[in-house]
């Protein structure tokens with residue numbers, strides 16, 4: 001039975017690849033004909049399953065964790081971007097298992113969407129989980145962020161050994177109280193950086209009351225600059241160069257370090273770990289830099305107010321042309337309210353060159369109320385992007401975009417430049 | 001001596017009740033006041049603060065159910081002050097969570113009773129479905145109103161208030177009738193965030209006009225920026241058109 005379903009799955013996978021799409025379809029087929037496929041395949045991994053979840057930064061953090069563990073000589077199976085649902089995991093497995101169902105790996109590190117993770121962990125209990133944050137994201141799916149917290153709590157409680165938690169996010173840190181025997185490990189920020197990473201409760205002023213984190217953290221991010229960061233580990237400060245851009249990615253680097261240290265345990269090659277960290281490239285669309293007409297073009301994915309605020313803070317507007325593309329498709333979230341919780345004043349001086357996407361006019365209205373000049377409003381992303389590139393000769397470009405807007409931008413860009421293909 | 005044209009906007013409980021872009025409503029009032037030649041002052045009121053005496057417009061937003069629990073005791077203490085101001089014609093905009101608490105009570109799905117402050121003759125019952133999505137409603141007073149709803153409480157209006165609008169797309173107050181929001185004196189209450197005021201400037205101007213009349217006896221805009229206002233009305237009209245075509 002197993003080799004039959006794997007063969008069918010692999011065939012569907014090749015076929016759908018030829019058609020150029022549908023990364024989850026083969027997973028769906030295998031789920032139908034062989035529901036036990038994922039559990040059975042992952043059950044024998046010597047280090048078990050490690051899950052990464054949270055509202056923001058899953059993709060980049062998972063990528064970092066994988067590369068950090070690989071630096072320690074581990075063979076890691078992971079689900080790459082695109083479909084982090086159960087069937088996405090099944091589809092990714094199909095690409096790597098032998099026909100006899102064997103997966104040649106020491107550990108599986110899986111990025112899981114909060115809601116889907118809850119189903120997944122019922123099927124397969126992770127040995128380790130990393131819970132990043134609970135930001136005001138996808139409220140049109142979850143209703144309330146307290147609900148999202150409860151989803152993460154279920155992942156934590158299904159974990160068999162260790163849960164790694166963000167000490168600075170009160171909702172995530174609070175999950176420690178609901179643990180039922182799992183060990184809690186924290187990653188955190190130095191006090192001097194806390195105001196740089198406002199959580200949702202601090203979005204409106206009241207930073208004076210910023211929480212004083214009390215838990216001892218395994219990894220603390222101490223300092224961030226454009227190209228490097230200091231991490232406090234085992235009482236020592238370690239400086240690392242970084243290819244990742246954006247302060248949120250660098251905080252997630254602290255998360256990934258804490259997770260990798262937890263998984264690897266005692267016999268860690270610290271130099272190899274930091275060498276790997278310094279070489280991690282951003283995941284697609286997450287501070288990714290492409291070249292168009294000889295100029296750098298950066299894509300910054302924005303999905304919620306905290307992320308957009310951090311994006312604006314991380315990437316100085318000076319010297320760049322700016323485009324913002326906002327869609328409200330299901331995968332972006334249909335609710336546009338969050339745009340009003342982002343402060344756009346940092347764009348006022350240079351203005352925004354093109355505002356695009358389905359909700360271009362909502363965005364333009366938002367900018368107008370912050371006195372940010374907008375040069376062109378073009379809801380059609382293809383036309384907007386053409387205009388943006390044409391009007392930015394000799395100037396580096398930056399595009400802030402929601403998820404489906406990013407996919408559209410990448411599709412257009414792939415016609416004029418080389419864009420990484422994510423399978 | 002120069003004429004006093006100060007209008008003070010107070011945001012209620014921004015720490016607990018500000019989850020769906022409610023700041024946008026404050027920002028819109030602030031900027032439009034400025035463009036009409038008034039001097040806006042924005043203050044925040046959080047639980048335990050001293051309530052300012054010279055408020056002209058009050059804005060209250062949405063929060064999580066847990067946020068409502070945190071503020072409820074403080075809000076009860078504030079009830080006589082807010083009731084007095086509402087009766088006196090102070091313009092107020094209350095959205096979602098604070099809309100619910102401006103009614104008589106919110107009975108949660110689990111049966112707990114969260115008392116409201118009774119400015120609005122209405123009651124809210126926790127439901128087992130969450131009403132989420134784009135909303136288009138129509139009001140005699142303000143025309144089409146566009147926004148987004150996300151609530152599990154269902155609100156039923158009593159005879160002492162009028163609905164703000166009739167639902168065309170979405171659910172509004174509840175799944176039983178087609179009303180959305182509530183109107184009483186100069187209080188505008190609604191489930192719609194979005195934020196509400198940017199795409200529905202008629203409501204913003206209503207609040208501003210009432211505030212000016214209450215404070216100075218008349219509304220006399222001295223527009224400092226016709227161009228800004230013209231551009232804004234164009235942008236909000238386009239944003240409304242696009243919003244109106246989006247799926248629920």
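Quick reminder: no glycine exception, Cβ is built from N, Cα and C everywhere.
Automatic, uncurated: that is what TrEMBL annotation is.
Keep in mind it's a predicted model, so treat the numbers as computed, not measured.
Residues annotated as domain 'CobB/CobQ-like glutamine amidotransferase' in TrEMBL: B:9-200.
As annotated by TrEMBL, active site, nucleophile applies to B:96. According to DSSP, residue B:96 (active site, nucleophile) sits within a helical segment. In the shown protein chains, 26 other C-beta atoms lie within 10 A of the C-beta of residue B:96 (active site, nucleophile).
In the three-state DSSP classification, residue B:130 (substrate binding site) falls within a strand. Sequence annotations record features per position, and here TrEMBL assigns substrate binding site to B:130.
In the three-state DSSP scheme, residue B:193 (active site) falls into the strand class. Sequence annotations record features per position, and here TrEMBL assigns active site to B:193.
Least crowded of the recorded positions (B:130, B:193), judged by neighbouring Cβ atoms within 10 Å of its own Cβ: B:130. In this structure, the C-alpha atom of residue B:193 (active site) lies 8 angstrom from that of residue B:96 (active site, nucleophile).
Straight-line distance linking the Cα atoms of residue B:96 (active site, nucleophile) and residue B:130 (substrate binding site), rounded to a whole number, equals 13 Å.
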